[in-house]
Amino acid sequence: MVMNPLLIPTDLVTRLRTARRVAVLTGAGISAESGVPTFREAQTGLWARYNPEELATPEAFRRNPRLVWEWYAWRQERVRQAEPNAGHYALVEMERRIAEVALITQNVDGLHRRAGSQQVVELHGNLFRVKCFAEDRPVENWPESANIPPRCPHCGSLLRPDVVWFGESLAASALRVAEQAAVTAEIFFSIGTSALVYPAANLPFTALAAGATVVEINPQPTPLSPQVTFSLNGPAGVILPRLVEQVWGDAVGISECRL
Ligand code: BV8
């Protein structure tokens, strides 16, 4: 059901008012209105000639650790300059209004937590965490050095971003929590994701199979679109505040006071 993105379907408003368990899967699109480029849109500047899917791999890191480390440093700087947007804040409000909201994100930018979301499952890790390439354990401090990437203070191996690269497995615990949320949710939102990356892209289908109402929020169609219950075609930063206002009226101000 393709809807006018500015008008939230009455049926969805009613279901949200009585919902007790909601799951939300977000992708890079929810950070687009914060000025953070989405994962697959053309990269800019010196990174324009690289395909993110080729850089976000252990092979790329082994081949050219300095290049991959500097790509992540560039992305960290982009995110540091960004702020959560009205879409992030609307999800914080939804978390306050509904008994159980599981927020599952593919994003590594940390913007949901910066907006104030409490229950965040970071399926693909976090841009601002670092781990040892050899020992695969987080490293918080390392001696200043001219080496790029820096070295692990415990074993001397290279340090790497603590993100899940293509070809690497997701943390079993995070995936288990996400799958459980998809199976038990009454309403499952898929927001700002091209629904191409697995196993995250399986989650909305898991929710559908369990009988959930599935809502997609995206200006563009995705492989998930034909299957969803409600398809809201527009930017998350506009639709989510509108949805929160229509469902919980007195939560007004999200779309105004925080833009
Ligand atoms: C794994 C971290 C086991 C790094 C990322 C089946 C099962 C299992 C695996 C596979 C499988 N089939 C294929 C695979 C392999 C692979 C995969 O899925 N490949 C794809 C490309 C086919 N999966 C894996 O490798 C995963 N590992 O399963 O382990 C295994 C082990 C060995 C061999 C096989 C399997 C690991 C996947 C994790 C990869 N790491 N990120 C980093 O960020 O640098 S994924 C990366 O893509 C980001 O996390 C990103 O979030 C994610 C998904 O992309 P999107 O978020 O959707 O972003 P995208 O740019 O694509 O789309 C943005 C959307 O927003 C668009 O639709 C746009 O229209 C919309 N939008 C734009 N503006 C707005 C908006 N929406 C709303 N509002 C707006 N304003």
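Every residue, even glycine, has its Cβ placed from backbone N, Cα and C.
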The NAD(+) site in TrEMBL lists GLN106, ASN107, VAL108, ASP109, GLY192, THR193, SER194, ASN218, PRO219, GLN220. Which one of ALA90, ALA178, ALA181, ALA236 belongs there according to the record?
ALA236
For the binding-site residues TYR72, ARG75, CYS132, CYS152, which sit with their CB under 6 angstroms from an atom of ligand 1?
none
Where HIS124 (active site, proton acceptor) and TYR72 (substrate binding site) are concerned, what is their Cα separation in Å, rounded?
14
Can you give me the average pLDDT across the domain 'Deacetylase sirtuin-type' (2-250), rounded to a whole number?
94
